[in-house]
Amino acid sequence: MSQTVRIALLGAGTVGAAVARRLCDPRRADLYAARVGRPLELVGVAVRDTTRSRDGIDPALLTADASGLVERADVVVEVMGGLDPAPALLEQAMRCGAQVVTANKQLLAQQGPRLEALAAENGVGLDYEAAVMAAIPVVAVVRDSLAGDLVTSISGIVNGSTNYVLDLVARKGVAFDDAVRQAGELGYLEADPTEDLEGLDAAAKIVLLARAAWGADVSIDDVQRTGITGLTDDDFETAAANGKIIKLVASAWRSGPPENPRVEMGVRPVALPQDDPLAQAREGANVVIIEAESAGRLRLHGAGAGGEETASAVLGDIVRAARRVVRSA
Ligand SMILES: NC(=O)C1=CN([C@@H]2O[C@H](COP(=O)(O)OP(=O)(O)OC[C@H]3O[C@@H](n4cnc5c(N)ncnc54)[C@H](OP(=O)(O)O)[C@@H]3O)[C@@H](O)[C@H]2O)C=CC1
Ligand SMILES: N[C@@H](CC=O)C(=O)O
């Protein structure tokens, strides 16, 4: 038995680099050891370009052999994104008996049920809090904290980069393309920015929340989706003239009996009154309102994108996964 819980990190971009720096921070090491019951050890970081130096990451940890790295880990953390090779590496990890953590919403939206089944088959966990609303612990709230209640609707701003763009255009008069460029510089945009701008990222997140809330058998094709690229100067001017602000709102709501729920989902730009709770999200923030029969109306608000903020959620999942490793030893 290893004296440490061995962590393999797949990806060291905006999110992965922040996770690696925290795992290598000596001030955090004792804290994680106490919380887990054994020290965490970062055994390697898989990247495409191993020659590039990465602030705060020992170059000796870098490898281009992601599959070889997976074989050496108790917990595999996927923050590379995309649909190739991430799913194959996660499958390999599960078959090797490793716990799996991912922030990859597109992968989960498209292949989540299959990966969940594979995790169960191999007796490992699949944690993905960072995949929805970055730093905001919404998956745990909807899936676990409200497991004794009946959620009726979920509505919110679940994409940080488009919120940043819409906010800068509306409040600061920044040109749309310039705001998109700034969102990219802050690390908010996906590798393919059309995922954000066309509402696909928000659609993936609302699918994950609908599954968490209702166990619903839904896919991204079930989401009625409109992104923000079709918005015109006229749309922004009309909204402002009416005291409103345009936000990209994602919603899911349940109808029918709880035992056989019918779920509908949508993503679309909406002109909201300035005092609407969803209008309060500034720059890269996200906000979500969850309605449940007994709990009533809950609101979560916080950072919806960014390396350090998303790393908070990934690290929470790593601690949870590492505890499972220690318990099962
Ligand atoms: N950015 C954010 O605010 C948030 C992102 N996420 C999700 O987290 C994931 C990562 O996002 P982000 O950090 O922004 O992405 P980046 O594009 O910044 O980083 C991707 C990293 O993965 C590595 N990588 C990509 N493909 C491969 C491959 N085939 N083999 C080895 N390494 C590879 C890259 O290597 P190299 O550096 O050499 O190019 C890079 O280090 C995505 O799924 C994203 O949706 C979730 C919440 C918030
Ligand atoms: N591109 C995403 C990053 C976090 O999930 C976003 O803008 O919200």
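Numbering starts at 1 and runs along the chain as it is shown here.
Note: Cβ is positioned from N, Cα and C throughout, glycine not excepted.
Here TrEMBL flags LYS205 as active site, proton donor. The number of other Cβ atoms within 10 Å of the Cβ belonging to LYS205 (active site, proton donor), over all protein chains shown, comes to 29.
Secondary structure from DSSP puts ALA12 (NADP(+) binding site) in coil. The NADP(+) binding site annotation in TrEMBL covers GLY11, ALA12, GLY13, THR14, VAL15, GLY16.
In this view, LYS105 (NADPH binding site) is surrounded by 27 other Cβ atoms within 10 Å of its Cβ, with every protein chain counted. Feature annotation from TrEMBL assigns NADPH binding site to LYS105.
Look at TrEMBL and you will find GLU190 tagged as L-homoserine binding site. In three-state terms derived from DSSP, GLU190 (L-homoserine binding site) belongs to neither a helical nor a strand segment and is classed as coil. The 10 Å shell around the Cβ of GLU190 (L-homoserine binding site) contains 19 further Cβ atoms across the protein chains shown.
Residues or ranges marked as domain 'Aspartate/homoserine dehydrogenase NAD-binding' in TrEMBL: 11-127.
What TrEMBL lists as domain 'Homoserine dehydrogenase catalytic' is 137-319.
Taking LYS105, GLU190, LYS205 as the recorded positions under consideration, the smallest Cα distance to ALA12 (NADP(+) binding site) is found for GLU190.
Apart from GLY11, ALA12, GLY13, THR14, VAL15, GLY16, the NADP(+) site neighbourhood in this chain, defined by C-beta within 8 angstroms of the site C-beta centre, holds ALA17, ALA18, VAL19, VAL79, MET80, GLY307. Closeness to ligand 2 is met by none of the recorded positions GLY11, GLY13, THR14, VAL15, GLY16, LYS205, no Cβ falling under 6 Å from the molecule.
There are 27 other CB atoms within 10 A of the CB of VAL15 (NADP(+) binding site), with all protein chains counted.
Here the Cα atom of LYS205 (active site, proton donor) is found 20 Å from that of GLY16 (NADP(+) binding site).
Of the listed binding-site residues ALA12, GLY13, THR14, GLY16, the Cβ environment within 10 Å is emptiest of other Cβ atoms at GLY13.
Neighbours of GLY11 (NADP(+) binding site), defined as other CB atoms within 10 A of its CB across all chains, total 25.
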